[in-house]
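A.B. asks: If you scroll down you'll find the structure; I have some questions about it.
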């Protein structure tokens with residue numbers, strides 16, 4: 001019997017457990033208020049970046065195209081999971097269909113993979129800008145960067161299909177309780193009524209490759225950037241370059257450390273489901289919340305562009 005038919009004879013829906021320690025309505029109301037506030041801040045902050053980019057043509061360069069693309073990803077990622085989480089906390093809406101669960105899982109894995117590739121591309125952009133400034137305008141043209149961004153999105157959506165196909169071939173006959181607030185892949189895989197060793201190792205290999213290969217390329221880029229800055233730039237140039245590198249490395253550290261923490265939490269015995277769920281939720285929202293601060297409020301060009309836009313709309317006085 002095919003995997004699809006076996007699945008058809010199995011469970012039809014999954015049940016979210018959420019946070020086991022916060023099951024009463026009062027606790028869920030607090031979680032709802034916290035995550036709704038975080039979600040709104042994420043949307044407003046990243047929409048601000050996209051708005052500034054669209055309004056100011058001077059920002060239509062490779063670097064800010066990448067920043068804008070990252071802002072779009074940072075709105076998409078929490079939008080895949082947070083609305084269902086908010087419904088769970090406020091209305092105790094715990095059921096999700098089998099197809100809905102796998103769709104959410106596929107989108108979450110795909111967009112997360114695309115973000116990993118995009119962070120690698122942003123590191124390459126900074127490497128070219130600092131270490132090869134004469135070739136930078138030619139190599140990192142807007143049209144070429146758009147193609148690279150498209151490849152990040154396409155690769156992100158295609159690579160997880162291998163994991164999805166292998167998982168769909170498994171039999172899910174019960175139980176159907178997902179120890180999470182959304183359809184996280186390891187949590188769903190544990191519910192399969194079949195030997196998942198091969199699927200688990202394949203998915204782990206793909207996941208680690210998606211994380212470690214971009215991380216290696218990013219670290220290599222920044223090692224070369226730091227070496228180049230130390231050799232060529234003066235003290236003021238070094239300070240500016242290191243400041244830029246530090247903010248980018250902060251984003252990278254948050255993304256990869258939270259992702260690795262989630263992977264490890266599923267393979268370390270004794271880790272509570274609350275800790276595991278919290279690690280996944282932080283991976284979901286933390287970077288999306290930080291990026292507007294790092295790339296908008298800490299970047300002089302973005303701040304100046306924002307003030308210029310506000311003056312045009314007469315929100316701020318001209319003399320400000």
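From the backbone N, Cα and C atoms, a Cβ is placed for every residue, glycine too.
In TrEMBL, annotation is done automatically, which means it is predicted and not curated.
Features from TrEMBL:
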- 30-54: transmembrane segment (TRANSMEM)
- 45-295: domain 'G-protein coupled receptors family 1 profile' (DOMAIN)
- 61-82: transmembrane segment (TRANSMEM)
- 102-124: transmembrane segment (TRANSMEM)
- 144-172: transmembrane segment (TRANSMEM)
- 201-223: transmembrane segment (TRANSMEM)
- 244-266: transmembrane segment (TRANSMEM)
- 278-297: transmembrane segment (TRANSMEM)
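If you look at the structure here, what lies around each of the features I listed?
C.D. replies: Distant neighbours of the transmembrane segment (30-54): 19, 22, 60, 64-65, 67-68, 71-72, 74-75, 78, 82, 85-86, 89-90, 285, 288-289, 291-293, 295-296, 302, 305-306, 309; these residues of the same chain sit at least 6 beyond its ends, with a Cβ under 8 Å from one of its Cβ atoms.
Taking Cβ pairs closer than 8 Å, the transmembrane segment (61-82) reaches residues 35, 38-39, 42-43, 46-47, 49-50, 53, 104, 107-108, 111-112, 114-115, 118-119, 121-122, 125-126, 129, 140-142, 145-146, 149, 152, 181-182, 284-285, 287-288, 291-292, 295, 301-302 in its own chain, all 6 or more past its ends.
Sequence-distant contacts of the transmembrane segment (102-124) (same chain, six or more residues past either end, CB-CB distance under 8 Å): 63, 66-67, 69-70, 73-74, 76-77, 80-81, 84, 96, 148-149, 151-153, 155-157, 159-161, 163-164, 167-168, 182-185, 188, 210-211, 214, 217-218, 221-222, 248, 251-252, 255, 259, 287.
Tertiary neighbourhood of the transmembrane segment (144-172): same-chain residues 3-4, 6-7, 9-11, 62, 65-66, 69, 98, 102, 105-106, 109-118, 121, 125, 185, 188-189, 191-194, 196, 198-199, 202-203, 206, 210, selected by CB-CB distance under 8 Å and a gap of 6+ residues from either end.
Beyond the ends of the transmembrane segment (201-223), by six or more residues, the same chain brings 113, 116-117, 119-120, 123-124, 126-127, 159-160, 162-163, 166-167, 185, 189, 245, 248-249, 252, 256, 259-260, 263 to within a C-beta distance below 8 angstroms of the stretch.
Proximity of distant same-chain residues to the transmembrane segment (244-266), defined by a Cβ-Cβ separation under 8 Å and at least 6 residues beyond the stretch ends, is recorded for 112, 115-116, 119, 122-123, 126, 184, 186, 204, 207-208, 211, 215, 218, 222, 225-226, 275-276, 279-280, 282-283, 286-287, 290-291, 294-295, 298.
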A.B. asks: So what's the average pLDDT for the domain 'G-protein coupled receptors family 1 profile' (45-295)?
C.D. replies: 85
